[in-house]
Amino acid sequence: MAAGWQDVLRDAAAVREAAAVAVDAALLAGVLMRTGEQPHASDVVNYAPFTLLPSPVPRALFEQAYAVQQDFNLLVDAISQNKEFLQQTLASTIKVDDFTARLFRIYMQVLEEGLAQTVFLGINRSDYMFDCGLEGRAALRQIEINTIAASFGGLTSHTTDVHRLVLKVLGKTEEASQLLPNNPAKGLALGIAKAWQLYGSQRAVVMFLVEEVQRNIFDQRCVENELWNRNIRVVRKRFRDVFEQGSLDASRRLYMDGQEVAVVYYREGYVPQVYNQQNWEARLLLERSRAVKCPDIATQLAGTKKVQQELSRPGMLEKLLPGHPEAIARIRATFAGLYSLDEGEEGDRIAAAAIADPDRFVLKPQREGGGNNLYGEELKEVLEKIKDSPERTSYILMDKIRPQPALNYLLRAHSPLQVSECISELGIFGVYVRQGQELVLNEAAGHLLRTKAVEHTDGGVAAGVAVLDTPYLL
């Protein structure tokens, strides 16, 4: 932990007072979620879980993560336009992973029909941990890049103010002044607004495609309100609404209940459980439309774990980003060890190595949303079961990252106040807009720090494991 926090951690009375102030400040600032008991009601809410104190982050690694974000935006956009790369990379995965296969079939169907969409909007979040490895010197290592429904850009825009107040209450005014401003909600809305403008219809709306159960609605409202402030009309719809109300005209403009839709911003659609037959039909309707999808289905496929693993192969970045040697060097510097489990000698060797030493690796399926990865004995059991089956190609292996733990208090509603040994994960939001072949916007849009107790191997804030945090740069 930062040296300045040690005195706080030893002072139980000061911690109790600061925690009470922090909870009220979070409620006052709108760091809110609906409750699990009443997930459809906004008249019964509680604060989203967060740390009492901002967590230490090495300044050099924080700056490195920001510096590479525009490069990752460029890379994701390039992958989404490269049919041959996606076909080759996902060929083994779509044989055994039905969800990825169905997404891929829609992708191919839309390409064969011819794209109606001419403006493309990417909102992604590249997530990192700080790997101390065996030498103990911290390095930035990418965990994954989220290309669909990257969340908490709204709530984290208000978390810094809460931590700034907490530090002042604890007598740390100088440290409070050093917390960086952070407003991803504004940056994400800027990208959506640019795509809406380029679509070219003042009457058209932005449609947030949302979950059936919307506990995290306030995070979305932060972005939504930024759009209303720009006089851009926003509607919230679910897949079933699209199925019942959606239609395309002869020019493949998308209409929802008679309103033309300029931009579809997905906060849903990244896990198989949400899709029944009518939802798949709704997804196809959206993809066939002229509306700007964020993401379009090619960009969602670009965020799969198999693509992440393929990017680490020698020479692959050079093929995807010709003429960008400096960007390639910055991207490659963040890669952890990534390994294919495709059928064949190389996959056999990697599977055997992971079974022999499971604590060295993480086993990752083609899923978003947190809580899907496998570690230790569970990793070993699953690999032993599927090692001789084509099913193993639906996973990739990654070197396990070993961050330096720090002490903090994780504030959760109805939970006791106790100190925990914690590790953090840094996400950088990226936004880009492309019109035809011209990239008209490419920016890093803010950051998200999430922290969890060391006993939890996997899972984010929405999964109830990690909590919102603010970086304190060292």
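Count begins at 1; order follows the chain as displayed.
Glycine residues also receive a Cβ, built from the backbone N, Cα and C atoms like all the rest.
Here's what TrEMBL has on this protein:
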BINDING   R125, 148-151, 214-216, Q220, 267-270, R450, 461-462  substrate binding site
BINDING   E144, N146, E368  Mg(2+) binding site
BINDING   E144, K305, 364-373, Y375, 398-401, E425, K452, D458  ATP binding site
DOMAIN    204-302  domain 'Glutathione synthase substrate-binding'
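Within 10 Å of the C-beta of Q220 (substrate binding site) there are 23 other C-beta atoms, taking all protein chains into account. For the domain 'Glutathione synthase substrate-binding' (204-302), the predicted model reports an average pLDDT of 98. Around P365 (ATP binding site), the same-chain residues six or more apart in sequence whose CB sits under 8 Å from its CB are D97, K305, N372, N373, S394, Y395, listed in sequence order. When Cβ atoms from all protein chains are considered, those within 10 Å of K452 (ATP binding site) total 24, not counting its own. Local packing around the binding-site residues Y270, Y375 was summarised as the count of other Cβ atoms within 10 Å of each Cβ; on this measure the leading residue is Y270. Around the Cβ of R125 (substrate binding site), a 10 Å sphere holds 26 further Cβ atoms from the protein chains shown.
The shortest Cα-Cα distance between E268 (substrate binding site) and any of the binding-site residues N146, Y375, K452 is the one to N146. Residue density at E144 (Mg(2+) binding site): 18 other Cβ atoms are found within 10 A of its Cβ, drawing on all protein chains shown. Considering only the binding-site residues R215, Q220, Y375, K400, no residue lies within 10 A of E144 (Mg(2+) binding site) on a C-alpha to C-alpha basis. The 10 Å shell around the Cβ of R215 (substrate binding site) contains 17 further Cβ atoms across the protein chains shown. The closest partner of Y270 (substrate binding site) among the binding-site residues, by CA position, is N146; the full candidate set was N146, Y375, K400, K452. Rounded to the nearest whole angstrom, the C-alpha distance between A149 (substrate binding site) and K452 (ATP binding site) is 21. N146 (Mg(2+) binding site) is 16 Å away from Q220 (substrate binding site) when you measure Cα to Cα.
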